[in-house]
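So that you can see what the record holds, here are the features copied from TrEMBL:
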DOMAIN    62-170  domain 'Phosphatidic acid phosphatase type 2/haloperoxidase'
TRANSMEM  33-53  transmembrane segment
TRANSMEM  59-79  transmembrane segment
TRANSMEM  114-143  transmembrane segment
TRANSMEM  155-173  transmembrane segment
Amino acid sequence: MKPILQRMNQADTQMFVWIYTGQRQEYRNLVRWLSRSGDGYVYLAFSLLIWLFETTYGFAFFVSALFAFAIEVSAYLILKNVIRRNRPQASIQGLQALITPSDKFSFPSGHTGAAFVFATLIIQFYPLWTLTILIWAILIGASRVLLGVHYPGDILAGATLGIGSALLGLSIAQYTI
């Protein structure tokens, strides 16, 4: 690993340990619930509901979501399998994650990427929800660190991937609707 990448990885690990070891037990159920609210089926369900019941922008939202999530999931899978960064539990001696992740690698955070895809689309189509949806997306990312399955850098990368995928999906959708 190159020296700058080693320093970044070391700083990311130190920040993770500080966050993970500083959390309080009584919030763990809330953190698990927050993480689950960012599972993939939630986005599909909400996107379908918006399409079916919101007559002004519902269809455009749904089509944009299809493109954006297709881009995000594809890029996420490529990055995850090319970079192959081990999760904190595999890299930090004695660490026990609070949940069992769906795969072996941590970079980027797929939950965070998807949350920021959805948040970016909501902000674009329904700007009155900006603060609420942005707080929710940030909390999804934070929950993944607090559960012990991601480093802070994974969250930052996931958020960047999500926003970029949403913007690209919106650009493509405008030419197909």
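Backbone N, Cα and C atoms are what each Cβ position is placed from, and that goes for glycine too.
On the 0 to 100 pLDDT scale, the domain 'Phosphatidic acid phosphatase type 2/haloperoxidase' (62-170) averages 94 in the predicted structure. Long-range contacts of the transmembrane segment (114-143) within the same chain, counting only residues at least 6 positions beyond its ends with a Cβ under 8 Å from a Cβ of the stretch, are 31-32, 34-35, 37-38, 40, 43, 46, 57, 60-61, 64-65, 68-69, 72, 150, 155, 158-159, 161-163, 165-167, 169-170.
According to DSSP, the secondary structure content of the domain 'Phosphatidic acid phosphatase type 2/haloperoxidase' (62-170) in residues is 81 helix, 2 strand, 26 coil.
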